[in-house]
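My structure is below; once you've seen it, I'll send some questions.
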Amino acid sequence: MAREGGEKRKKQWMGGRDGNSKRHKGALGAAANGKGHGGVLVTCDKTKERQSVADALNILNEAADRYFPVSKEGEGDVSKFKDDKVSPTELLDKIFEQVEKTKEFASRFIMRMIPLEKVGYSSVEAIKDIATPMIKSHLEEYKQEQKTADTKNPLEFAVEFKRRNCTNLNSMDVINALVDIVGPEDSKVNLTTPRSVLLIEVFRGTCGFSIVKNFHRYKKYNVRSTIDPPVPGQQTQKRNDKKENKTEKSEEKDDKTEEKEKKEDVKDEAEKESTEDKE
């Protein structure tokens, strides 16, 4: 698809060499080559990696053609923006805005498409190096917004940490480090309705970091939940229904046991009477 006011450009997003068996290796290579750049992490149905990678690249390239003039370089499941003017979060927000509006998405197997503003290595110090300038910049932007609106509300934020195939990184160490960077001044933690979410995605030796505003609006960037949002209380009702069914089955079992015992008592009584008659 051509950009508005220009010719169609070459693809700005690229995947790994096969998008399946070597995807883990490719993702690690992307982190090594793409440190400091942005990307998108894609999750999908099991065994559907190859098709999902192809779908994701088509979706990203089409959206990039439509909204942003970008240059690319990528490898593996983490595709990279080399143009610092382009925000993966902004691009994903454009995509999810359309998904929310149209209830349509050009892939059957993709589950999540998660924006990563900066990609690097999965250590606490490396994450702090990536996150610190972004958090400071975000805080300054928020202060300017408050000043323009003539308000003094604290920045309500949450930290969302997700780890995959990585056992040498403690989640609380990362969360506490990011909370310390934000600082207590003019900010407070809000885990239910935060204005901003500090998003950390870790996959083996690769880490991605973003600061997003629409994390809950787009259901943690879950495509299917954005298309068909879960009804509040629905899961609770399902659990209650299961409990009721279990209780009913238990009561039925008790009734059958009681009926069986009554039959056995009647049988025993009949046998006893028969024995007495013979005597």
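Just so you know, the numbers here start at 1 and follow the chain as drawn.
Each Cβ is built from the backbone N, Cα and C atoms, and glycine gets one as well.
Sharing the record's features from TrEMBL:
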{"type": "REGION", "residues": "1-35", "note": "region 'Disordered'"}
{"type": "DOMAIN", "residues": "98-213", "note": "domain 'THUMP'"}
{"type": "REGION", "residues": "224-279", "note": "region 'Disordered'"}
{"type": "COMPBIAS", "residues": "238-279", "note": "compositional bias 'Basic and acidic residues'"}
Per-residue pLDDT averaged over the domain 'THUMP' (98-213) comes to what?
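In the predicted model, the domain 'THUMP' (98-213) has a mean pLDDT of 95.
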Using DSSP, what is the helix/strand/coil residue split across the domain 'THUMP' (98-213)?
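So the counts come to 43 helix, 39 strand, 34 coil.
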